[in-house]
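Colleague: Attaching a single structure in structure tokens format; questions to follow.
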Amino acid sequence: MSLLNTRNRAALFSSMALVTTAEVCDTNPQLIVSGELRALQPVFQIYGRRQVFSGPVVTLKVFEDNVLVREFLEEKGNGRVLVVDGGGSLRCAILGGNPVVQAQNNGWAGIIVNGCIRDVDEINGCDIGVRALASHPIKANKKGVGEKHVPVNIAGTRICDGEWMYADTDGVLVSKAELSV
């Protein structure tokens with residue numbers, strides 16, 4: 001594996017499904033040491049039908065408010081992964097079934113939520129990858145407060161807009177650049 005620019009995205013999506021995150025880590029210790037490849041701490045539950053997904057990262061920082069989350073997922077995803085730093089709140093859900101269906105229909109590859117989701121059965125029926133800390137029945141506020149495209153710190157890892165996310169059943173990796181096999 002080597003770091004490449006984004007011109008081979010289509011090939012990556014099809015080939016990364018054949019390579020596990022564990023294999024990526026085993027074959028790239030130098031990238032881990034340099035910090036170019038980082039593993040998120042194993043704090044996330046797996047939701048959605050797509051257990052393996054990857055794509056360029058879009059970041060969002062909110063707290064117990066889901067207006068900006070919904071706005072992002074209304075856009076075309078183009079294979080991207082939305083990383084939402086919800087402050088780790090376990091007091092309400094900042095992502096529900098309707099926005100996830102919309103994300104699936106708009107071509108998002110996945111959503112990582114440092115917080116809670118709800119409508120788990122509906123989300124589990126969607127062909128999209130979702131990771132979250134837990135599920136919670138209470139819905140979020142609707143104030144529209146948050147920050148878009150800012151570095152976030154979740155699961156012990158700093159994640160920036162434009163980096164690459166790779167997730168499978170072993171865990172979640174973030175890379176400064178696209179990985180190619």
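Placement of Cβ uses the backbone N, Cα and C atoms for every residue, glycine included.
Pulled the feature table from TrEMBL, pasting it below:
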BINDING   GLY96, GLY97, ASN98, PRO99, ARG118  substrate binding site
BINDING   ASP119  Mg(2+) binding site
Colleague: Which ones in the same chain are close to GLY96 (substrate binding site), with CB under 8 Å and 6+ residues apart in sequence?
Modeller: ASN66, ILE117, ARG118, ASP119, GLU122, ILE123, LYS139
Colleague: List, in sequence order, the same-chain residues at least six positions removed whose CB sits under 8 Å from that of PRO99 (substrate binding site)?
Modeller: ASN66, VAL69, ARG70, LEU73
Colleague: If the substrate site is taken as the center of the Cβ atoms of GLY96, GLY97, ASN98, PRO99, ARG118, which further residues of that chain fall within 8 Å of it by their Cβ?
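Modeller: What remains near the Cβ centre is ALA93, LEU95, VAL100, VAL101, ILE117, ASP119, GLU122, ILE123.
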